[in-house]
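Participant: Sharing a structure with you now.
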Amino acid sequence: MDALIIPVTMEVPCDSRGQRMWWAFLASSMVTFFGGLFIILLWRTLKYLWTVCCHCGVKNKEAQKINGGGDTQADGACKPTDEKEENVAAEVGWMTSVKDWAGVMISAQTLTGRVLVVLVFALSIGALVIYFIDSSNPIESCQNFYKDFTLQIDMAFNVFFLLYFGLRFIAANDKLWFWLEVNSVVDFFTVPPVFVSVYLNRSWLGLRFLRALRLIQFSEILQFLNILKTSNSIKLVNLCSIFISTWLTAAGFIHLVENSGDPWENFQNNQQLTYWECVYLLMVTMSTVGYGDVYAKTTLGRLFMVFFILGGLAMFASYVPEIIELIGNRKKYGGSYSAVSGRKHIVVCGHITLESVSNFLKDFLHKDRDDVNVEIVFLHNISPNLELEALFKRHFTQVEFYQGSVLNPHDLARVKIESADACLILANKYCADPDAEDASNIMRVISIKNYHPKIRIITQMLQYHNKAHLLNIPSWNWKEGDDAICLAELKLGFIAQSCLAPGLSTMLANLFSMRSFIKIEEDTWQKYYLEGVANEMYTEYLSSAFVGLSFPAVCELVFAKLKLLMIAIEYKSEKRESSILINPGNHVKIQEGTLGFFIASDAKEVKRAFFYCKACHDDITDPKRIKKCGCKRQVKNAARSSYPKSSYQFKNTTTIALVGAKSTEGAPEPVPLVNNRKGSLFLPNNPSLLQLNLLNSVEQGKSTYCRLQRALSLPVKYRYHSQKPGLNQDLLEDEQPSTLSPKKKQRNGGMRNSPNSSPKLMRHDPLLIPGNEQIDNMDANVKKYDSTGMFHWCPAKDIEKVILTRSEAAMTVLSGHVVVCIFGDVKSALIGLRNLVMPLRASNFHYHELKHIVFVGSLEYLRREWETLHNFPKVSILPGTPLSRADLRAVNINLCDMCVILSANQNNIDDASLQDKECILASLNIKSMQFDDSIGVLQANSQGFTPPGMDRSSPDNSPVHGLLRQPSITTGANIPIITELVNDSNVQFLDQDDDDDPDTELYLTQPFACGTAFAVSVLDSLMSATYFNDNILTLIRTLVTGGATPELEALIAEENALRGGYSTPQTLANRDRCRVAQLALYDGPFADLGDGGCYGDLFCKALKTYNMLCFGIYRLRDAHLSTPSQCTKRYVITNPPYEFELVPTDLIFCLMQFDHNAGQSRASLSHSSHSSYSSSKKSSSVHSIPSTANRPNRTKTRDSREKQKKEMVYR
């Protein structure tokens, strides 16, 4: 048989016989491999024999040393041996250093090593690509090395591989195992054939496909480059690289044997297959499909396929499912956020659920806001469920979700937290452990601030006492926009305000929530309620047309002309410090660039305040026509230059005050502060001038300043008090408790004030000024307010002194008080009752106006809360249960101003429907109670609040003429109640006479509209409201908490309790701030407007006459019906229009100025100064029960018995 001639296109003459030379290429590899293996084994054998021989010699030498240790000849013989050992040690050290250097070069510990490893891998892939190119040529062909470009490149690559092989060999500790490594075998069968091809001018594909085995190291390379960091990604790349490299290597072997043929068949049974056909053949073989279109014909190929099926099938069956599983388990939301130029983004994290996200997006992306050009990025460590994922897809243009944790800096980098406009942290309001939830959110804040200290953070907190931990974070700065929305503080603050003005919690909650306008044609209470619900709170800069006008004048003009309600402004002092003034008086003039706070239905309406121009819009009656005018465009640049760029970044806002009106007409009459032999120091009536006069007094002389300091250190009862009725002495006088309040301990020699004491002897006689020792002993008498002057304060009381037994409570008649029904036990989480009490003890109330607070609940729970309550006056505890009617009757719940029902056990129940069971049962229990009318003799009388400047003792000037006796409550359904709910849907169980559907939103239900139910979920809207304008939160917090400030929070964080302070002009001036009240229309100076008058006329009259700012109506639910109704339920109407018709039974929400003269009245302690609501506005006093039988015969014993009872009540 003739030899097979390989058809080739030779540029150089090959062998004339056309003989194959594949054996030369293969022999070079085999000789290299086995030759090196033989040398290594021979070296090891010789080394072993040498070690054994030397070991015996060493033993003999040691024996000689032991036997002749003192022989000098032996010592001389040891010298050459020691020198030889030193030379060997030096030689080993040199080899070790070279070995270490080689090890460093091939490892990834250094930059050089990493570059070298990556370069070797890249060149191996390059050599594999050259193989793919050459696989289209015959297996063996004649090539001229100097003209074949691919052969030259392959040669260069293999020279580099040879050098790298040398480094690896030097660095290897075990040369034998190194010789048998996969990478070494690859080099043996790929490097030598290249040199042979250069020598023979031939090319043989041979085993060059083994370079595909280098792909197994792909995951290591990616780890060196810090690309792979997670175990799943490393495992996935490992599986894929092993699978692909095995597949490609096996395909290369099939390609070789099938295109060459069997050697014993003289290569006659070969078939022409491309490399990629072999790849296809191996895949269908591994998958056991075996189509049969391509198959092996050679014996070598078939034999290889037999063994490959065994291993390949096993690998395919195990690797492929695992790869698919890893790919399927990869985070779907594991990418990175790409910031869009010109568009801000915020990061929302924390408690991410369908409910929390939907509530947030509904308010944040509300259509009433201006175009919100903000992208919302949610970051959570749990992938969203299908419902939440569908919600994200509906808002895909503005919402993105990424899976990760804010505690991981890598995830923070993914969402670009450093370029985010803000980070919002949502809390789980329904968690079983509020402290643990707050701790989690605080850790999130720490992580975010640690990554980027300048990021603005708005976080929700559940417990008020946990806000103190935020102050420990160095980069936390409320002046830079960081805010903590404490849900417990605001929730209890809203409820407390409802105790003072029923329905206010609903009105305020609706103001910072974005609600769409729902139009109802029918004349029902829902129609008027929903018209008010559509109002929200906005801010806008005032037009230059208002500059120089007083706040009341601007407020009246804006309401009448622009149909807007302005309630506050941002006022800049001469020092350029900003403060928010709520309903200031005539003394405050509008400046250029003043920011106003408005109540309106959408942001576009508020623009009228900025566009208003007196020259262009003075004669316009339709407010919709008030738009940017021509002259406005001319001064636009000049006007805007004085305004901040952002609507929420008012970083210099340091204080917020509810400022009362101060007269500026005429010179203020000075008040003598102290009357002594050296003369008196005078202070003005106007508190705003106190600081100025203090500075002047210092400038006039040091002696005057010392006299002032000495005067301020005196107890109040020894200060000078003018008898002129026009003097505003109440600012400089601490009010004395009512004689109807519990018995007080006599201090300082038994001296105490009473109505029978002589004011002249007690206050004016300079001889009664005690010495320094007595002054020091009487310092406690001065501390009637906390150190900030914002709250009433008293020395800490032991809880045993405020506990009432049921019999003691039954012996007294509490009226005009607040009953707090609290469910809780030793294991319950604290809800922070201090936040409920603080607004009720605000210093802008006079002492006799404070409503007594009676807690009814578990004594064990109240003991845990008492540490935060023991500094507030007029607080009592009745141990018991709110479900006990006997306990409720003992505290005269039918005579209370408000009954608050709270529970600390709500979040301990998994079933959402049962979370509010205690509160609902207590509410229904009270409403079903019946009361006897025999107590009508002592029923609480109601007096409407007296506007400032009017004498209470004059019935002609009072809004309510005389003392009106209200009908006593005979059924519990008429008792004013506010119930806290956790689950919004449970509101349907509170009122049995409503027709609310279970799926109705909370704000549309009757209990919420009437102000008898409050759920913490309504506070979710504060997150977005605070982001768009952080002053909104400051304003709401001040209205709700009674005057809590960041400074006060820092003080509470330091001591966890209010600290009493001396009454100084500065702290007493803090009392002069507005408070929310309700104005009755059925009698008094506004009675003429109550019957069919316009709300706008009432607004203007109240503002002009008394500086009262009206902002809503509390109307009877059935007032619109033509037939009289017995229903006493009322609902809230926010910001009615100017022409809205009033009815006599309406109660008007208003911001009332502080009444300085109200504190002088001691005769009418049974009359509340801020209300005229029949069922909820009674006195805050304690009356003894007189006997109804044989009164003439028991007159003498009654006084002593009443005195005894009063001593027993509040020991």
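Count begins at 1; order follows the chain as displayed.
Backbone N, Cα and C atoms are what each Cβ position is placed from, and that goes for glycine too.
Pulled these features from TrEMBL for this protein:
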| type | residues | note |
| --- | --- | --- |
| TRANSMEM | 20-43 | transmembrane segment |
| TRANSMEM | 115-133 | transmembrane segment |
| TRANSMEM | 153-171 | transmembrane segment |
| TRANSMEM | 236-257 | transmembrane segment |
| TRANSMEM | 273-291 | transmembrane segment |
| TRANSMEM | 303-321 | transmembrane segment |
| DOMAIN | 343-485 | domain 'RCK N-terminal' |
| REGION | 725-765 | region 'Disordered' |
| DOMAIN | 815-959 | domain 'RCK N-terminal' |
| COMPBIAS | 1163-1187 | compositional bias 'Low complexity' |
| REGION | 1163-1211 | region 'Disordered' |
| COMPBIAS | 1196-1211 | compositional bias 'Basic and acidic residues' |
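What's the neighbourhood like for these features in this structure?
Facilitator: Residues 239, 242-243, 246, 250, 253-254, 257, 282, 285-288, 296 of the same chain sit 6 or more residues outside the transmembrane segment (303-321) yet have a Cβ under 8 Å from a Cβ within it.
Averaged over the domain 'RCK N-terminal' (343-485), the predicted model has a pLDDT of 91.
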Participant: What residues in the same chain, six or more past the boundaries of the transmembrane segment (273-291), come closer than 8 Å to it by Cβ-Cβ distance?
Facilitator: 132, 135-136, 247-248, 250-252, 254-255, 258-259, 305, 308-309, 312-313, 315-316
Participant: With a cut-off of 8 Å between Cβ atoms, can you find at least three pairs linking the transmembrane segment (115-133) to the transmembrane segment (153-171)? Only pairs 6 or more residues apart in sequence count.
Facilitator: yes
Participant: Below 8 angstroms Cβ to Cβ, which residues of this chain, lying six or more residues outside the transmembrane segment (236-257), approach it?
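Facilitator: 128, 131, 135, 139, 205-210, 212-219, 222, 228, 273-275, 278-279, 281-283, 286, 296, 298, 300-301, 304-305, 308, 312, 315-316, 319-320, 322-323, 326-327, 330.
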Participant: Against which stretches of its own chain does the transmembrane segment (153-171) lie, if we need a Cβ under 8 Å and a gap of at least six residues from its ends?
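Facilitator: Tertiary neighbours of the transmembrane segment (153-171) are 98-99, 102-103, 105-106, 116, 119-120, 123-124, 126-127, 130, 145, 178, 183-184, 187, 190-191, 194-195, 198.
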Participant: For the domain 'RCK N-terminal' (343-485), jot down how many residues DSSP puts in helix, in strand and in coil.
Facilitator: 57 helix, 32 strand, 54 coil
